Amino acid sequence: MINLKLFLELKLCFLITLLCSSHISSVSDTFFINCGSPTNVTVNNRTFVSDNNLVQGFSVGTTDSNSGDESTLFQTARVFSDESSSTYRFPIEEHGWFLIRIYFLPLVSASQDLTTARFSVSAQNFTLIREYKPSTTSVVREYILNVTTDSLLLQFLPRTGSVSFINALEVLRLPETLIPEDAKLIGTQKDLKLSSHAMETVSRVNMGNLSVSRDQDKLWRQWDSDSAYKAHFGTPVMNLKAVNFSAGGITDDIAPVYVYGTATRLNSDLDPNTNANLTWTFKVEPGFDYFVRFHFCNIIVDPFGFERQIRFDIFVNSEKVRTIDMTEVLNGTFGAPFFVDAVMRKAKSREGFLNLSIGLVMDVSSYPVSFINGFEISKLSNDKRSLDAFDAILPDGSSSNKSSNTSVGLIAGLSAALCVALVFGVVVSWWCIRKRRRRNRQMQTVHSRGDDHQIKKNETGESLIFSSSKIGYRYPLALIKEATDDFDESLVIGVGGFGKVYKGVLRDKTEVAVKRGAPQSRQGLAEFKTEVEMLTQFRHRHLVSLIGYCDENSEMIIVYEYMEKGTLKDHLYDLDDKPRLSWRQRLEICVGAARGLHYLHTGSTRAIIHRDVKSANILLDDNFMAKVADFGLSKTGPDLDQTHVSTAVKGSFGYLDPEYLTRQQLTEKSDVYSFGVVMLEVVCGRPVIDPSLPREKVNLIEWAMKLVKKGKLEDIIDPFLVGKVKLEEVKKYCEVTEKCLSQNGIERPAMGDLLWNLEFMLQVQAKDEKAAMVDDKPEASVVGSTMQFSVNGVGDIAGVSMSKVFAQMVREETR
């Protein structure tokens, strides 16, 4: 405890510091400490004063120089060997929120090795860090506390027999408007009182793939680029001149102009009907609540008079926080910054991931534009007044603290029993090791696929393929078995190269499809990982949605949304008792599948090539809306300076691009070729290869294309469609199909061009049906029809005849 003289000296030093700092000359209760150094240093317009007269303890240092950058702060350290001398006391003139920034780097000298230090840090009766084990690299920890006393105590408490240390320290009084008194609890109508909690900064992220350094922020906050956390790809936007703080009623204390003047925008222009999100994934510690702040500033377009509404939803872990409508917020003022605060309660699993998302609002007639400028995530102290994972209270009510405060008497009483247990444990361990080795040899035989795809073990010995993955969708095997009645064979709805697909029902009555990989699966572990990762990267109305996966005990199970009508293949020629598809339905299915593939090809900076497009991988929901499935063979496309990806040939016989088959050169046009084969199946109503037919008809492509070139379209049309579709429409359809099936990829259309042609054909078909309706019932009015068309572009007719389906869609958050 320092005496009154030292206390007054400390106050005097800090008053001098305030006069030396141009940024905060008018702000009281702001302190910068250069710990363990006899001199002051200046970094980013802040003067860090020596703590030689402020605390006891000894110092450790390297070369002490004032280079002006942050590395200067890590050249010395203040070291404490006992609790009595390990406290910094800061006089507080005005109560309120304070930011504490602590710098750590374990220095090594001839007399002291700080890498072995073990200590805890507390402030105002909050545990900030417990049993800290220093990293070998520099670390900056940031905390926010509501100080209601006349002094702020910051203690660095060494473990018995060890030491504690600190390299530099900042204590800043925050503007009153920065932290609210309370914030909304997501998913409830309640608020959480923030003033009774301490906070630790987890992430502070700026959009637009740009970081913001400390010297660009009035409070010297570091804003990381969003590129490291983004699960989807958006378009970066920058417009610093558009930011108008006065219009937003806030100051740049909330966030600097570099945050509000940059944004990441959801790519919705290429496909306005995209049911996609922009999602950022952060690793967090389970067992804590998290305070989240979303920053917004419309620097893109004036919402008034704009043909597209700027209206979108924001989510945290799939739970909706709020709908943002730029025409309502701040009266739609262009360039006016604002923010939205919310609190996410304890993570519902031990995975420890937090997903922040923005997504399109699908219940509006105009195409939405969605964006975000930045966000901040802070961990809130728990009921133990702690911010350390050691004290976490997990969702099931248990504690992460595995230690016990067992009394010495109890330990003595158990010592004899432990000796007996030790002997027994040795025998059991020997038996378990033999059993595990035998099982590992078996698994290596089944999954011998190289170092990149080795099955890992968790602490309980379970095999976990994604043990270090950021994907937070893992389902326990017991839940999967419950949903499928222990993989009852009567629930099998499909069989493929990967394994069997079961229909399942989760506890909340959600129907799901459960794809279980067989041990002898031809696709195997690599394809399983690829499919799970692909399904978590993308969310689109016409791509099947991932619900979860299971890799427990070396299982390879994928759980995705159940598609009531099965596959397109089922409705073309594997009919059984299924109804036949009309020409209109077939066109709608082609359009939907093309949209999904178009999104794969254009929805990110590098295209995703599906590589296994076929009628069996196009699923249909209860309204016959198409969704592309099975991403196990998907491959990232070529870089911008490359034309193709060289890779081993994989796919399904009959659908393979001949250029890819002969040269092993994969491009997006390989998917176009495969889709052309699907288009032939759609119009002909027969499989690609049918050995039961005469030799000249076995191969669908060869047989159909010969007849198309001869103009004998009536010979290839599905008999069910004869007389129900105009030959000129079939002719146009076959012309597009023929281009897709060109031997040379360069002669094939891009998926976007193909989609446009299909949309146009659907438009023509719909107009024909309207005309027929009027002819049959002249008294009927078609003014109220939900089908609207325009030839202005693909986006303008993207909702053709599917408005009812789209209206029923429930938008889900990704990852």
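Using the three backbone atoms N, Cα and C, a Cβ is placed for every residue, glycine included.
Swiss-Prot lists 1-26 with the feature signal peptide. Annotated topological domain 'Extracellular' per Swiss-Prot: 27-407, in sequence order, evidence recorded as sequence analysis. Residues or ranges marked as N-linked glycosylation site in Swiss-Prot (evidence: sequence analysis): ASN40, ASN45, ASN125, ASN146, ASN209, ASN244, ASN277, ASN331, ASN355, ASN401, ASN405. Annotation comment: Swiss-Prot describes 408-428 as transmembrane segment, evidence class sequence analysis. Positions annotated as topological domain 'Cytoplasmic' by Swiss-Prot, on the basis of sequence analysis: 429-815. Annotation comment: Swiss-Prot describes 487-761 as domain 'Protein kinase'. Marked as ATP binding site by Swiss-Prot: ILE493, GLY494, VAL495, GLY496, GLY497, PHE498, GLY499, LYS500, VAL501, LYS515. The active site, proton acceptor annotation in Swiss-Prot covers ASP612.
Annotated features taken from Swiss-Prot, shown on the structure.
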| residue | record | contacts (Cβ under 8 Å, 6+ apart) |
| --- | --- | --- |
| ASN40 | N-linked glycosylation site | ASN34, THR47, PHE48, VAL49, SER50 |
| ASN125 | N-linked glycosylation site | ARG385 |
| ASN209 | N-linked glycosylation site | SER225, ASP226, SER227, PRO236, THR264 |
| ASN244 | N-linked glycosylation site | THR333, PHE334, GLY335, ALA336, PRO337 |
| ILE493 | ATP binding site | VAL501, TYR502, LYS503, ALA513, GLY566 |
| VAL495 | ATP binding site | VAL501 |
| ASP612 | active site, proton acceptor | ASP630, GLY632, LEU633, SER634, LYS650, GLY651, SER652, TYR655, SER674 |
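Most other Cβ atoms within 10 A: among the glycosylation sites ASN45, ASN146, ASN331, ASN355, that distinction falls to ASN355.
Comparing the Cα of ASN355 (N-linked glycosylation site) with the Cα of every entry in ASN45, ASN146, ASN331, GLY499, these being the recorded positions, the smallest distance points to ASN146. Across the fold, the C-alpha of ASN45 (N-linked glycosylation site) and the C-alpha of ASN146 (N-linked glycosylation site) stand 26 Å from each other.
When secondary structure is read from DSSP and collapsed to three states, ASN209 (N-linked glycosylation site) falls in the coil class.
A gap of 33 Å separates the Cα atoms of ASN146 (N-linked glycosylation site) and ASN331 (N-linked glycosylation site).
A simple way to gauge crowding: the CB of VAL501 (ATP binding site) has 20 other CB atoms within 10 angstroms, across all the protein chains here.
Note: the CA-CA distance between GLY499 (ATP binding site) and ASN331 (N-linked glycosylation site) rounds to 55 Å. Counting every protein chain shown, 21 other Cβ atoms lie within 10 Å of the Cβ of GLY499 (ATP binding site).
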